[in-house]
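Inspection log for the structure reproduced underneath, given as structure tokens.
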Amino acid sequence: MSIRTTALILSLSSLLPAALAISGLLTDPSQVSNQTFDYVIVGGGLGGLVVANRLSENPDITVLVIEAGSDNRDDPRVYDPYQYSVAFNTELDWNWPSSQGRYIKGGKTLGGSTSINGLAQTRGQKAQYDSLSTFLGGDDGNGYWNWDGMYFGMLKSEGFSAPNDQQKDAGASSNPAYHNTSGPLQVTYPDELFHGAQQKYFKEVVSTNFSVASSPDADDGNANVVAFHPNTISWQDSDHRSSSATAYYSPVSERSNLAILLQHQATKIQFDGNKATGVEYGTSDGQRYTVNAGKEVIISAGAIQTPALLQLSGVGDPALLNGLGINVVANVSGVGKNLQEQTMNSVGWTPVDGFDFDGRGPSDCIAYPDLLGISSSSNNDIASTISDNIAQYAQDAYDAGAVASVEAANTIFGIQQDLMVNKNSGLVEAFFDSGFPNGGLGIDLWQLLPFSRGTVKITSTDPFNYPSIDPRYFSADVDLKIQIAGLRMARKIFQTSPLRSIVTEENAPGYNEVPENNDGGSDEDWSNWILNGFSSVHHPIATCSMMSEELGGVVGSDLKVYNTENLRIVDASVLPIQFSAHLSATLYGLAENAADM
């Protein structure tokens, strides 16, 4: 090559946007410092990687993702489903401390929580998705925020593989009408699906005795059933985990217009007035850098870190920001409010001697009892408790600073009440577990739709200090009543034939801890045990809710932050209410819809 030709190439390359030459996985912060990308995405978890994939399909658009964790796709703690929970309390886990001594887990690794979660893939009730527009005063975002729109997004994400003959023999089934086989996220049943009688017996007992219908496939929006549910695993890859990292980044990792900066945390959104122009990022030792966003900054840091980053950046409640000496860029008082987290306890029974689980799982059979189902085994009047106390719940939430106003809370709680009492939404999840607790058979039980509302608040201007997290667990008494009713139901399920024939005695809590009174145990005994031993379900949402400003919303139907420009949020923080499902399927649908906007 001649000197003249080389000089010409160098001259032409200097005319190209610098970011076009930067792609792939990076750890050197200087490589993107002061560069300009069209989109800068904070968080390489579920929402961030879905949006990054879809935006970078256009080769003329440049995308940078900033991820606090590392790339751990080749770590067995991540890819091996049978090492679920081994990543907890390690460098792969944010492990946020919350109130009452409970911790909330979250994935601090490429793929976020999709890289360390329990792999369950479930969809919620149709009415719950249709309610999304109700929180927006009827605005369904041109059809994105209802069942049809979310169903389309969830299908787009899904690469479903129907159960094979041996999996069908173990109890799995599906309806092809409810699934897409060509999406990036691999969804199927495990080859090690349990062939022992336990899951089939659970399904039989629940559907025959507890007013919960049995379904061959619960992914049609009628979720208040008992069914076998698939997992986010890939049979083409030895049943390894399918995460947002393997599904949405691995296949496009060679794109020249997509870069991911690892091991660096976003510390502040940069603004010109109220227009987001870039992101400051760095490390806990004080190093700081800035990258520019030509079109938008998209925050996908999750329901804990997203509100914290906004508050650090001057977007939030002026009362909080002024107290910390932070300049108010945008008065969006709902940031960090409306936090909703679920609470779990596990009932366990000891299998009979010689019982063979006949497989490794993961466990797949889940029930979502609605009001009728939960009432079939408990005399707790849930509906009356809600109607008699809803105004007090609203006042209490406002007094705790967890909602924008008493009027807003009454409206929000009214929508929730309708879903729970009139629209047949599942009130608890009864997750049948082979191997837990105590190595036996169990039901992990959590109330799905808490009226308790809490907060996420920064307490300093140091972005590496965790915010104060207070879900106000059980501050609404109906949450505890539902938990009691669900656990009493779980005990009675094990006491019912044919499941009773394969267990000997209850080992959690046990009849010594919660004595049997011929009706599943007393409210008082269950309450004491629950409050002493409950855990977070690690499903925090709603701290930047997609609601009208009057209700205390942070983003509108376009997911743009109110009173700002060029700033959008795509993660669990925008969901205004919990769903009767695990979060991931819903969030994949949300992220796919967001990428289409």
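Any Cβ shown, glycine's included, is placed from N, Cα and C.
Whatever TrEMBL says is automated annotation, not expert-curated.
Per TrEMBL, the features are as follows:
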type	residues	note
SIGNAL	1-21	signal peptide
REGION	162-184	region 'Disordered'
DOMAIN	302-316	domain 'Glucose-methanol-choline oxidoreductase N-terminal'
ACT_SITE	H582	active site, proton acceptor
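The DSSP breakdown of the region 'Disordered' (162-184), given as helix, strand and coil counts, is 8 helix, 0 strand, 15 coil.
Confidence annotation: the domain 'Glucose-methanol-choline oxidoreductase N-terminal' (302-316) carries a mean pLDDT of 99 in the model. When the domain 'Glucose-methanol-choline oxidoreductase N-terminal' (302-316) is classified with DSSP, helix, strand and coil residues number 11 helix, 2 strand, 2 coil.
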